[in-house]
Each structure stands twice: as C-alpha cells, then as structure tokens.
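First comes the structure, then the notes that go with it.
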Amino acid sequence: MAKPRVHEIAAEIGVDSKTALAKLKEMGEFVKGPSSSIEPPVARKLKAALEAAGVTGQAAAPAAAASSAPRPGARSSAPKPGGRPTPGPQPTAAPEVEAPEASDVPVPAKPLTVAERQAQAEASRKAAAEEKAQAEKSAASATPEAPAVETPSAPRPDAGSTPAPSNGIPRPGIPRPAAPRPGNNPFASNQGMGTKPRPGNNPFASNQGMGQRPAAGAAGPRPAAPRPGSPRPGAPRPGGVGQGARPAGFGQRPAGAGRPGGAPGGAGRPGAPAAGGFQRPAGGFAGRPGGGGRGRGPGGGTAGAFGRGGGKSKSRKSKRTKRAEFELREAPSLGGVSVPRGDGNTVVRLRRGASISDFADKIDASPGNLVTVLFHLGEMATATESLDEATFEVLGTELGYKIQVVSPEDEDRELLEGFDIDLDQELEDEDDDVLEIRPPVVTVMGHVDHGKTRLLDAIRNANVIEGEAGGITQHIGAYQVWAPHEGYERAITFIDTPGHEAFTAMRTRGAQVTDIAILVVAADDGIMPQTVEALNHAQAANVPIVVAVNKVDKEGANPAKVRQQLTEYGLVAEEYGGDVMFVDVSALTGKGVEDLLEAVLLTADAGLDLRSNPNKDARGVAIEARLDKGRGAVATVLIQSGTLRVGDAIVAGTAYGRVRAMMDENGDAVHEAYPSRPVQVQGLSSVPGAGDTFLVTEEDRTARQIAEKREAVERNAQLAKARKRISLEDFTRALEEGKVESLNLIIKGDVSGAVEALEESLMKIEVDDSVQLRIIHRGVGAVTESDVNLATIDNAIIIGFNVRPDPKARARAAREGVDIRFYSVIYSALEEIESSLTGMLKPEFEEVQSGVAEIREVFRSSKFGNIAGVIVRSGTITRNAKARVIRDGVVVGDSLAIESLRRFKDDVSEVRTDFEAGIGLGKFNDIQIGDEIETIEMKEKPRG
C-alpha cells in the first residue's frame with residue numbers, strides 16, 4: 001500500500017498544506033514539502049492533532065454549505081442583498097397565479113449576487129464595489145417584489161410555451177444595470193468576450209466537457225426562474241410576453257442562469273420536475289469547471305473529454321486496505337526495515353548454534369531484515385552464521401521476544417523423536433513383570449591425592465595406579481567386582497573419576513550415570529575444595545552418598561573431625577543421628593574395605609529401586625573412548641537397560657557402526673552385556689565423546705543418519721561458541737590498529753575425556769583481551785601429518801597428551817618448523833601455555849619520576865626563548881627526557897622535553913642532585929620563578 005502524502009491528508013481533512021506542514025513540524029516530524037510521503041502512524045497522529053486543535057474542516061465548510069440543498073418544508077431567513085433567491089414558507093395549498101404581462105408588471109426577482117460572483121472570480125475590490133453599487137441602484141428602481149407562492153406540484157405550462165433549449169443563447173428580460181463589458185476589466189480574472197466558444201474546442205480551458213451530465217433521477221434540467229438583468233444582444237429571451245415563469249418544485253431552489261466568466265446555473269435537486277431540452281454547458285471562456293453550481297453534489301461534476309468526469313470520489317476503504325494498514329501498524333520499522341514484534345512474553349525456542357535464518361522462521365520475518373536490525377544494534381553477522389546465546393538475547397530483547405536456547409539433552413531428545421525413538425517413553429511403558437534386578441553403579445569421588453584410585457585398587461585386588469602418569473587418574477575407568485553379601489555374591493560396578501579440577505565435566509558425567517557415590521575424604525587433610533565440589537555434584541544428581549574416611553592408619557588422622565566438618569554440608573553420620581553411612585578405611589592396608597562394600601549394598605537395597613529390562617535393545621552411556629592403533633576406535637560403554645550383543649548396529653554421539661567385538665576390564669571377550677555391565681566396544685566409525693549416550697538401532701542407515709545430524713548440531717554449537725563478538729567500534733579500531741594476536745592450538749590426546757577436559761581448562765586461562773586463544777582442532781590418537789599441515793597453515797602449536805607423532809609427521813614438523821609439545825601431566829601443559837600467552841602480550845609501561853628541579857631564575861633570550869635557571873632537588877635531570885612543569889601543585893605544561901641542558905657554558909647530558917643548571921624547554925615559555933620541572937621516563941612493568 002502506498003504511503004499517503006501530506007497534501008492528500010490535508011485535502012481529506014479540509015485544511016491547506018501549510019497548516020499540515022506546520023503541525024508536522026510541531027510534532028517533531030521532518031517533512032520537506034506537501035508532496036512528501038509519511039508513514040501511516042504519523043498520518044493518524046497528524047489527523048488527531050488537527051482535530052484536537054479545532055482546525056479540521058474549516059476550509060471545506062463554505063463549500064459544504066453551498067452544496068447542500070434546502071430541505072423540504074424548511075424555513076428560510078429573509079433574503080440578503082446580493083444573495084441568491086431562497087424559497088419562502090411553503091403553504092399546504094396555494095391558488096394559481098396568473099402570469100402577468102411583461103409590459104405591465106415586472107417579474108418579481110431578488111438582487112443579483114454580484115459580490116459572491118466577483119469574489120469567486122477573484123476580482124479586485126474596486127470592480128466588486130462598482131458592480132455592487134450598480135446592482136443596488138437597479139434594485140431600487142425596480143418594482144417592490146411580491147411574495148412568490150409555490151405549490152407542491154407546479155403545473156406545467158401549455159404546449160405552446162415550450163422554452164427554448166438552454167444552449168447559452170441570451171434571453172431578454174427586465175432591464176438591468178449595464179455590467180462592465182467582458183474583456184475590458186483589467187482586474188478581472190476572467191477575460192471572456194461574452195460569446196462562449198464551442199464546448200470542447202478550447203485547448204486552454206480547464207473544462208473540456210461537451211455538456212453536463214444530468215442530475216441523478218432527473219430527466220432534464222429544471223427551468224430557470226426569471227431574474228432581473230439587462231437585455232442581452234441576440235435572440236429574444238424565452239419566457240417573455242404570453243409566457244409565464246415556470247415555478248420551482250416544492251422546497252427547491254430555483255436554478256441560476258449561466259453568465260460569462262462566472263459560475264453556471266445550479267443543477268436541480270434530484271427528483272425535481274424535469275423539463276425538456278438540454279442542460280446548459282459550463283458558461284464562460286474560462287469559467288469554473290462543473291455545471292453543478294457551487295455545490296458539487298452527485299452528478300454535479302463536469303463530464304470529461306472521453307466520458308464520465310467529475311470531482312474526486314470518496315469511497316470507503318476496502319477490507320484489504322484496512323488490513324494492510326493494521327499490519328503496518330503492528331510491524332513498526334526498526335533500522336529502516338519492518339519486523340514483527342513480540343509482546344515481551346513471547347518465548348522463542350532455538351537450538352544451540354542457531355542462525356538468523358532459524359530465528360526468522362520462528363517469528364515469520366525476513367532474514368535480511370533481521371540482519372539489518374542486528375547491524376543497527378552493533379552486531380555484524382550473516383543470515384546463515386551460527387550465533388551464540390548472548391547475541392540472540394540482544395536481538396530478542398529489542399524485538400520483544402524471550403529467547404530460550406534448548407539444552408543439549410532436550411535437543412538430542414527432539415532429534416531422536418524425529419526417528420520415532422523416545423527413550424523416556426520406553427521406560428514409562430515397561431511393566432513391572434519385565435524388570436529385573438541389576439547391580440548398582442558406584443562412583444568414587446573426592447579430592448586430589450585422597451586415595452580414590454588406591455581404594456579402588458584395594459577393592460579390585462589389582463594395581464591400576466601404576467599406569468597413570470604422576471599418580472593422577474587421567475581418564476575414567478569402569479570396573480565390575482563381586483562382593484559377598486548375605487551368603488551369596490553380588491556384582492558392583494565402580495566408576496573411577498579423576499579428582500583434578502580440570503576434569504570437572506567428566507566427574508559431572510560420572511554423577512549422572514551413577515546410583516551411589518562414595519565420597520573419599522582423607523582423615524589427615526579433612527574437607528578440601530574439590531571434596532565440596534564432588535559433594536555438590538552428587539547432591540545435585542540426587543544420589544545417595546557413602547563416606548569413606550581414608551588414611552585412618554596415618555599419623556595425625558582424625559576421623560571424628562571429618563564427620564564434624566561434613567555435618568556443615570548436610571551429611572550427618574548415623575552415630576550422630578543421621579542417615580549417612582561413614583566407614584573408616586585404609587586403602588594401603590585394606591582395612592574396612594569389606595565394610596565399605598557392605599555399606600554400598602545396604603544403601604542400594606534400602607533406598608533404591610535398581611531394576612531394568614534386559615529383553616530389549618541396549619541403551620547406555622559412553623564412559624570413555626580412545627583410538628587404538630591396532631583396533632581403531634575403542635569406547636568403554638555402560639549399559640543402563642537392555643542387552644548389547646556382538647553385531648548390533650549402534651550409534652554413540654557422532655560415532656556409529658556395528659559391534660565387532662566386546663571385552664571386559666580384564667581383556668576377556670564378551671558376547672552379551674547386560675544392564676550395569678561396563679564393556680569395551682570395537683567397530684565405531686570415530687571416537688565418541690565421554691558421556692555421549694549410545695543406543696542400538698534396527699538398521700545401519702538409521703544409526704548413520706542420527707550420527708550425521710548430531711555432528712551437524714555439534715558443529716553449529718562449536719561455531720557459535722568460537723564466534724568472536726565484535727562491535728562496530730571494535731571493528732573500526734581493529735582495522736586501524738591491525739590484526740589481533742592469537743595463539744592457535746591443536747590438541748591430540750589418548751582418550752576423548754582428557755582432550756575435552758584439557759580444552760576447557762585452557763579456555764579458562766585469563767589473559768588480556770589483545771590475545772586470543774583459539775583451539776582450531778582437537779582429536780584422539782597420534783599426531784598425524786594432516787595435523788602438521790593444518791598447524792603450518794594456521795601457525796598453530798600442537799599439544800600432544802599421552803600421544804606421540806608418527807615418523808612422517810615428525811619429519812614434516814621439523815621441515816616446516818611446527819612446534820609440537822608433549823605432556824603426560826596436565827599441570828605442565830597449563831603452565832607452559834599460560835606462559836606462552838603472557839609472552840605474546842604487549843609490554844605495559846609505567847611512569848617513573850627520574851628527577852625534580854626548582855626554577856630559581858628565568859633568563860629571556862630572543863633566540864632560544866625563556867631559559868630556566870634551576871637547581872636539582874632530587875634525582876637526575878637528563879637531556880631529551882620527558883618533562884612537565886608544575887606550578888603550585890598544578891601541571892601547567894605537559895608532554896615537554898629537555899631540549900637543552902647546560903652547566904655554565906658547557907652542554908651536559910645529565911645533572912645530578914644539588915647541582916645548578918640551565919634548562920631549555922623549546923617553544924614552551926610559560927615558566928616562572930618557583931615552578932618545578934619534573935622529568936619522567938617510561939619503564940616496562942613486569943606482569944604478575
């Protein structure tokens with residue numbers, strides 16, 4: 001829909017364009033001229049403002065009054081001099097009036113409307129006054145007018161008195177004062193020469209109509225009532241001797257006669273008695289267009305050159321127009337584009353790494369418009385670029401939407417529902433008769449070096465800690481042991497999570513798959529920060545806790561202190577009246593290990609319903625995964641429900657394939673794995689992530705499609721996470737100052753959990769904003785030649801965690817100069833990379849005062865300016881050093897330099913304390929006796 005213009009709105013309201021422009025200026029809207037277009041909301045405000053100001057319709061009031069015909073039976077006021085005749089009171093019955101002879105009785109008439117006619121023709125005041133005086137003189141010499149009596153139905157004259165057609169021929173009548181000759185009035189706007197040209201042949205006339213269209217409901221024009229006027233040269237006037245004046249219809253105003261250059265006679269009201277002949281064309285050479293008199297009622301407009309003409313019709317707005325206006329009102333403009341807005345409570349759910357196109361589909365908007373809006377908000381992005389949650393929050397707040405980013409769990413659940421897989425619904429549909437008891441899954445948690453792995457080693461009667469570098473568990477291990485309970489053996493599955501803070505995410509996943517948590521606390525150290533962190537993870541997962549107080553055989557151990565400290569965190573021992581079992585153990589001597597297993601089984605039987613359905617496809621979690629040189633991708637999985645068999649098609653995260661072989665923690669082959677059983681699976685296409693869910697599908701194709709969709713989702717999430725938000729100001733500054741420095745890393749590790757934990761730890765390193773840490777690639781396995789090629793292109797450093805490069809990769813790295821660093825303990829990797837980032841920072845400088853000199857005398861020289869005679873109070877004054885002048889503690893001159901330094905007549909490089917000298921500060925001459933000259937130097941500030 002086209003936008004309205006100012007002059008159109010002014011014409012619709014009935015005011016001139018200047019008034020509308022002035023009102024717009026008051027409203028604060030910048031509009032150039034009457035032809036400028038404005039927005040529909042601004043148009044509505046303009047109309048409301050004009051209506052409130054009381055100026056609406058003032059310009060259109062005279063025209064409306066003239067166009068409205070008098071109602072039947074309405075009383076009219078006394079005729080005014082110079083006005084048109086108005087109908088008098090309408091009696092119910094009136095006798096017929098005989099037509100008087102023209103020679104005896106003059107025809108009753110009212111004064112001419114000379115003033116109105118001259119005003120409409122825009123004549124000068126002088127000509128109007130002269131004609132008005134002549135009209136009054138003629139009216140005074142005429143016979144007093146008799147009241148005209150009208151009947152409801154005026155009789156038609158006899159057939160012999162048919163009037164001549166109103167074709168513009170002058171008619172004789174009562175003598176009237178001689179009007180000025182047309183064409184001789186230099187002040188008149190109409191210079192017609194009396195005789196009208198043929199209608200339609202005047203190329204300069206504003207009215208090109210070939211005749212006036214009869215009024216609606218009338219068969220012809222009404223006969224004009226006789227009016228006084230001077231005889232015009234030409235044919236005799238009809239209605240003369242022997243012809244009576246045809247009275248007007250009931251309640252109708254008699255139509256006026258046409259006149260040169262003036263307004264033509266008024267058209268009869270619809271429904272008036274019709275008369276024979278043709279309607280008179282518009283009078284005058286350049287008369288006002290339209291033959292409908294002053295008022296342009298229905299049918300009053302002049303016909304156009306090729307058919308129906310007339311004035312501008314005012315039709316009602318269609319539903320489509322109103323709907324378009326409503327949509328424009330509901331979609332305001334932002335940044336020059338129209339976008340739909342929310343009410344502030346509209347929730348829009350987006351997946352991780354969503355793009356502007358995804359957001360546009362949710363709110364039914366154009367992606368290009370949203371890109372423009374985001375650009376005006378200071379963010380630059382393309383329509384298909386993955387954005388982070390913070391950027392969507394900014395955009396949603398501006399548009400009135402609440403952005404809700406779907407969690408990874410919900411996103412994966414929705415993805416599986418697309419393949420008709422609903423894991424939660426499967427568990428709800430299972431009956432109690434198909435559920436069987438499964439072993440409990442226990443997670444060992446605690447602080448670093450509190451003996452978690454040593455305790456698990458004592459339980460398994462095997463030494464697994466010797467294979468860990470530095471005695472620190474680097475990846476998750478899952479084992480199943482058998483313990484005697486009430487006369488028979490029962491299985492317990494243990495998951496050993498690393499205690500270092502870098503593996504927080506891995507420990508969190510361990511708490512999500514566990515049934516019972518064993519919190520290991522050293523009796524000599526007591527509660528430590530990671531002990532509280534592990535406790536919070538277990539409580540957040542709503543997991544029962546069994547506390548193992550380790551190292552009770554060590555000197556200085558105080559198990560009672562541990563019980564007292566844990567009481568502050570809501571863990572109250574049974575001996576203190578609580579419900580948490582505390583067991584004193586010694587992993588070194590094996591004391592209390594059997595009591596600990598007994599406590600685990602009692603806790604499982606008391607408060608947990610450990611049952612699952614083994615007779616269905618397997619579902620579970622990948623505990624850890626690694627890339628074996630001879631066996632390929634190997635994943636340690638924990639079956640939560642169902643049975644996993646060799647040959648099943650499985651998908652775990654972004655990896656898929658068929659189970660080629662399964663082995664337990666001892667390396668023995670397993671053909672079937674039941675619930676709560678940890679096994680190593682071979683046959684996956686890639687290495688899944690630690691904590692990824694796995695499931696068995698009916699076909700390989702389904703597993704591959706699920707893996708590909710998960711990979712795309714994860715890729716978008718990584719792109720959104722790695723995206724650097726940059727504003728317009730930062731972008732301009734970056735263009736001026738150059739590229740921001742960054743340290744690119746490639747991380748390769750032996751297991752996926754360690755790689756992920758190392759990546760998260762590196763991203764937490766806090767350095768200055770001028771240096772960025774970018775991890776461009778991560779993977780599991782040895783460093784390959786492709787990794788070296790990628791590092792060559794991006795100037796990256798390769799970090800190897802418990803892996804080594806192959807010979808080709810080592811040779812290419814030496815040839816290309818790629819830095820490859822290998823670590824077996826995570827502490828060393830974090831420290832060295834943090835040092836590298838700190839070394840890339842730009843040096844920081846600070847001001848150091850080097851000397852202060854007091855001005856004792858000022859020597860003025862026409863060649864060198866003012867020279868300060870000083871004495872050095874402290875430090876050393878050095879030539880070319882930066883200086884500032886201080887007067888009464890206020891700096892009066894800054895960014896100066898010691899351009900000349902002399903002792904007596906010799907130039908010197910420095911002057912020490914308590915020596916006098918002469919100092920020249922170049923063009924700076926605002927120095928006085930008593931001022932101080934302070935010299936400073938910039939020294940590099942060491943980083944902490």
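The backbone N, Cα and C atoms fix where each Cβ goes, glycine too.
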Where Swiss-Prot places region 'G4' among the ranges 550-553, 806-809, 910-913: 550-553
Annotated region 'G1' segment (source Swiss-Prot; candidates 406-413, 446-453): 446-453
Annotated region 'G3' segment (source Swiss-Prot; candidates 340-343, 496-499, 664-667): 496-499
Cβ atoms near Val552 (GTP binding site) (within 10 Å, other residues, all chains): 20
Average pLDDT across the region 'G3' (496-499), rounded to a whole number: 59
Secondary structure composition of the region 'G1' (446-453) [DSSP: H/G/I, E/B, coil]: 2 helix, 1 strand, 5 coil
Sparsest-packed among the binding-site residues, when each Cβ's other Cβ atoms within 10 Å are tallied, from Gly446, Asp449, Lys452: Asp449
